[in-house]
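**Q** Can you read through this structure? Questions will come right after.
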């Protein structure tokens, strides 16, 4: 009859006669009405009972021949009916229920039905509010509310009418047409009890205190008691007049060790003499080798790709990433804004048609939204240039419906308003009232983001311009629960296509991102506070950070270089300042260290092994520490030595090298082997560092015993000739000078060593050195706070802060089913799908169950299921799957053509799932169908990339089912999410009988933290084992001495973990590299002292330890401790938080702990339980050994020099 006030609709005519067949016009009206109902019913088809009840309700309302029994026309406009009352029965037959409300039964059957493509429940799209807030009453009221565009009204029954009392079905019941009961995911009552997460294991405690702490303190107390007893016993024995140290006969191993020691002395003595006699040959040969090795630097590649840096190609996460990228394409890039406003006052919205006032956050004010839209449109219009070509967002953006719809995907709340100022301003009302505006549209769209019609008087679509929904949890932030209107932040995301092996298109994307970052840095608006980031932002900021820290690193190394150059010289008088200084020798030593680093880098560059920033930043520090220590040992040994009668310079330096080179070999070879074994790690950053470091340390040793010895000989000749350092052409007049020991040597010999080894000091040192830090080893936090990787002034820090503060949803997670599953069979379908007839332990069902306990599993939502949506799409009850009966080509639901017929017949068999050839025949149509007003199930936008269809349409390959993690904020959250997703994927694999894995973009970075503890134990254990083995051999097979070295280094490592716990340094690849380096540097602190103790022939352990500390301790302290200390302090000034935390803090701890253990604890430990002296008993063999090897004499052991002092001359 007349036109309705709702545009495009007409009122029904008032008719009170008997039922009669529909006229042609009525058929057209019924077809229109049915299409609307079918569009809604498609969302409910996963549950046949729900869909049947829903259609029954509206079919009876629309065309029942018994309408007069339960419908009453209550308002008219001429012949037109403008309002009716629809009476619904209070009692009906429904399985387990005997009496209930019809609409309650319908609601109970529908309340759990999922909308697979939207990761939400279907009622969230049909109830005008979130599904958890929807109930039977407000659902019916919403659907029949005239203000939502429907001309229906629901009311209670009155006398004279028989309520509509048709049979309804519970979701646990099958239908009369053979359709089965609803699945567990769509019907909670079919599931059984809700899954319950396992209880959190209680902390391990003893008497309410952490068990590890209690055990370690008890152990420490027992150790102190034992130490006290041993000390008292030793003191009583030493005071006894009958006590004398036992004579120890050398064992076979000790004899072999002494011979090996003498062979090393002879070898290094001969080599040192040769280097001094032929410096030009040695220097030229070394230069050729260094230049040749360093030539590989022209092939040097620096890895900045985080994936290559932190994930091994053979790791599970890396292989899964490669699989995902090769089958579905790499995960898209993102440019993202998080927008807040300094305006803090919320405001209230009062709906015209009743209901309580709705509070809105200030960020949702219309004027603010207009300003945000201006910003969004400005970003859309940005242009960049790449290789002379103009690049716009449209050239690189994700457009899932292209080529039919080329609009870019923009995940923004403004897309509810079609990214249009006009739509944002759209309102419905009159001169007095506003019936609907952006408030009502917003409230509808956050509940039904996939809606094509908001059902308010505006009738604006919620679907984004790109053809997909804008989920509120992705576009809004800072709200509580699902009260999106309380949001305090807007999140605007621009997904950008990523490219696997296309450098040109990837370059265009990066160029546009660069322009985006530049634009946002210059953006200013007093009403908006914007945090932003692009895909390239982190990499750019790390690169900027590295460049900005160059000055800090340079200053650090300059300080160390200046110290080395000045400290090497031993100035006897002011007159001889420029003669006795060794600035040129120190600079030469530094150049040798740098040459070893460049040679290592060059050799591995020849091999095609890329460098990392960790290698460039850490290895020079490491090699400088090791190299400088050896330089000081050689130079100071020469300075303290007195030339024997008739001994020439080359013989003297050769003899000195024979004394100290075995100690240098011990430390360098221990470090080299330890580093090379560390290369067994699966972590690329650790493996690369270990390879480069091991080779650099060994090359440095070779250059020091060759190049540096030759340079030392040249410098000694210069000094003996009274020539000035640097200005060697100038000569100082001859004069009588008194030779004295250096201040540091005298301090160690006269004050420090005697004090440390005093009877009452030693137990204090041992008791304070053996700490209970092992109790906190397992309490060191694992992970890397990504904020630490940014400079202090980085814009990305604000983005990270807002990301943690405002976002409510984690990263997407994909459950990938690998190739080989037969989706055309019922068995294959049931193993995966989540609808009617699917297995209770299917993939979709298990992910759904996991989402019910999201606080435990970190799975936030039901997965989107292409398979379930395909089944709904292909059903004959929908208008989605049609084809032209003339050509067999797909016919979209929006096409009006008589030749378009349904894919499947409306028969019991046709209503069943497609199998075999039917399955593959219609699947490509589904994947190419765009959603529209007639069919919202088209799979092009949601699933085109999710299904890998074989080219010849013979089957389906790999597929994925997507959901989202819950919000993840800290590094442990990401690690736990990865762990739980893998557990879930393993359970699915077992149930399905086919390989399924979980993949998310961050897995490849956080996988290392699943095994970082075991990797750390393995790397440090292997390093300690290598140090033990090498030390055993090079200490003359003194196993006990090697054990003491390893124990001391282990104590340093334990204390390092204690420092990490106290100083909030987390365990990750960077700190693991530093811990491996700590092993190497600790060898320098310990091995020289132990070897000096081992070869000392003093009367008892205390005297031997004092001699070792006095002679070798000063060199170690001046060489490695003081050199590093000055340079490390400069690192504290760095703008880089990584430098401040992982380099300044850890390096400082390494040096201080190494010095404390090597120069204080270790000598005291040796004074208690050091190796028993055997050198005296072996001295009688010295003459025989040296005569056999071609030398003429061997002196008696003396206290001068370091350990045994041998004089020799070549037999004529």
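Cβ coordinates come from backbone N, Cα and C, glycine included.
Please treat TrEMBL annotations as automatic predictions, because they have not gone through curation.
Owing to the predicted nature of the structure, the values given are computational and were not obtained by experimental measurement.
Feature annotation from TrEMBL assigns domain 'SSD' to 549-714. Annotation comment: TrEMBL describes 204-230, 281-302, 550-571, 583-605, 656-677, 689-714, 1017-1037, 1043-1063, 1070-1090, 1110-1134, 1146-1166, 1178-1194 (among others) as transmembrane segment.
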**Q** With pairs restricted to those 6 or more apart in sequence, evaluate whether the transmembrane segment (583-605) and the transmembrane segment (550-571) have 3+ C-beta pairs under 8 Å.
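**A** Taking Cβ pairs at least 6 residues apart, the transmembrane segment (550-571) and the transmembrane segment (583-605) are in contact, with 3 or more under 8 Å.
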**Q** Would you call the transmembrane segment (1017-1037) and the transmembrane segment (689-714) in contact, using three or more Cβ pairs under 8 Å, pairs 6 or more apart in sequence?
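**A** Per Cβ check, the transmembrane segment (1017-1037) does not touch the transmembrane segment (689-714).
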**Q** So which of 281-302, 550-571, 656-677, 1070-1090, 1146-1166 has the most C-beta pairs under 8 Å when paired with the transmembrane segment (1043-1063)?
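**A** Going through each listed stretch, the top one turns out to be 1146-1166.
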**Q** Sort out for me which stretch, of 656-677, 689-714, 1070-1090, has the most Cβ pairs below 8 angstroms to the transmembrane segment (281-302).
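**A** Maximum Cβ contact count belongs to 689-714.
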**Q** Can we call the transmembrane segment (1110-1134) and the transmembrane segment (550-571) in contact, meaning three or more C-beta pairs below 8 angstroms at a sequence separation of 6+?
**A** yes
**Q** Any chance you could find the range in 204-230, 550-571, 656-677, 1146-1166 with the most Cβ pairs under 8 Å to the transmembrane segment (689-714)?
**A** 656-677
**Q** Tell me, what is the mean pLDDT of the domain 'SSD' (549-714)?
**A** 84
**Q** As a test: from 204-230, 550-571, 1070-1090, 1146-1166, pick the stretch that has the greatest number of Cβ pairs under 8 Å with the transmembrane segment (656-677).
**A** 1070-1090
